[in-house]
């Protein structure tokens, strides 16, 4: 290898060559310590020069090419010529100026065209291109390397600019929020100076204070129990696990001995088995309604219960039994009952809140045979006009035989007093279900629901349904369970007929849409009930109907639009069968009869997905074309033997097109509205006596609950205006009038 004299400083041409900041940084390793010359050699290997990879020292010639016309020039092997022999005798000889060769416009165009198609050409392509353009293969190679580096640098600068802009925007928003918070808060206590200036921060403070009170109640309860427990029951050694619950430190739970709980569970299990299998005289079938009615006198003779003697004077008894075939295997069904989250998801229209308070026993094996746990549930109807029921109960899972299991619920005396004495008492007498495995992916479930509730005033529309035990009875539970298990089966199916899956080319797209529809329906059920999630206010309506409104703020949930959301609900009685009402409201051909958003325009169904055996259980995407825009509507219709729902929401067309192809739907924001329908609970007597069940009674009217949710502001800190309330009031009134006119039941 030829030795290069490093004694002379860099020439002025080197300075010109480094006028480009990018190359000056890249070649910093070449001109190290001011002793390198233009002949110092570096070659950028494939993959190493993608981002500033020109800094390593190699023993070959530098080759850099570019199509830009700045001071960065294109060099080849003979670009640097000798400037003469360096020696003492010609040390002051004038050096010759270096010659730079630039690529021609034609060469650049040809290489640019290939770069757009293939940024990483292989050796064969580079060789052919060099022959075509009259260049050395290494010149072509380095041109592509430099071009890739240049493109990447441009992209990074653009991304950095976007991130900087976004950061400045967030900083500005943070600054505004901090200023608003300082203005609306008292500097001493931190609370709002007036109710009008209350922000989300103050609401969280209030909620935090309420939770602290509940924690203090639990601590008091634990203290009472600790005072009753023996010294041997406390933790006697510091070597035990440090993350144990304080409930483990004594033999009882909320003032009750563990042995007493297990005795009560065993008695409840025995009673449930008799209640599920006995016929007359314990259960008598009603000739008018076909429902089974508990003979309470026979019940008192059969079971010597302590609960009967302790019954409060202002309580009522609700008892019901129902049997049905469930499309699900036994292990999965048992797991759904013992996992509180899965249990809540199975019954979204019945359970607004649920929690496992304490696990008494985990049971044995995968199926958790013998598991016992204390649970809490808030039960609701899909209307704000009926108060929720809060109940604490102990649930036990027990295997009765090789193919039969039992899930039993029983409320334990005084548990509510230790947790929250202010709760409206609703106690479960021995209730639950007997599950029989039929060995073909199905289960036969016999459900017994036996409740003791405080007598409360119920709205006249729902008085018959609630007082008859239908609202929270066994028929409601078993019908909902059948519907939800069918939905799971259709969701998991891979051989769905074409008629049940029209408009969706892939299984992934089908599942994505069904998930989105399910999330939309869950949100609708949560927003509709009288749960403590919502604070309802009654407003006067233009038609005389009872309208109630509630608002909430969505700060960080991507499943709904961010901002202030207003929900308005109204419940009415209509003199038509709930089946006819359901079919009319779910049919896209009749949508323009009642939907104000359609403005009378026809609606076309572009996607239909079945999610149950009944044709009414389906998810559809409907397209409507108005004068101003095209709108897509996602609709989820559900029906069972007790109630029906039609839930819908306008969706972004581009977002739904990606979901149809199978993309994730979790970030699609939907704001659901819709209808809930159920029979009014009044069975009419038939004019003839017959043994045929279909002739025994005629259907009565329907209870229709209509709910609209609208986004009043994109800012979560905005105040609710009267204009928004008037708008949703008008929307509900006009929709109800259109429905009554369409069904020909105007007053």
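Yeah, the Cβs are placed from backbone N, Cα and C, and that goes for glycine too.
Computed from a predicted structure; not experimentally measured.
Region 'Disordered' is the annotation TrEMBL gives to one range among 41-100, 101-160, and that range is 41-100.
Applying DSSP to the domain 'Homeobox' (94-154) sorts its residues as follows: 42 helix, 0 strand, 19 coil. In the predicted model, residues of the coiled coil (153-228) average a pLDDT of 69.
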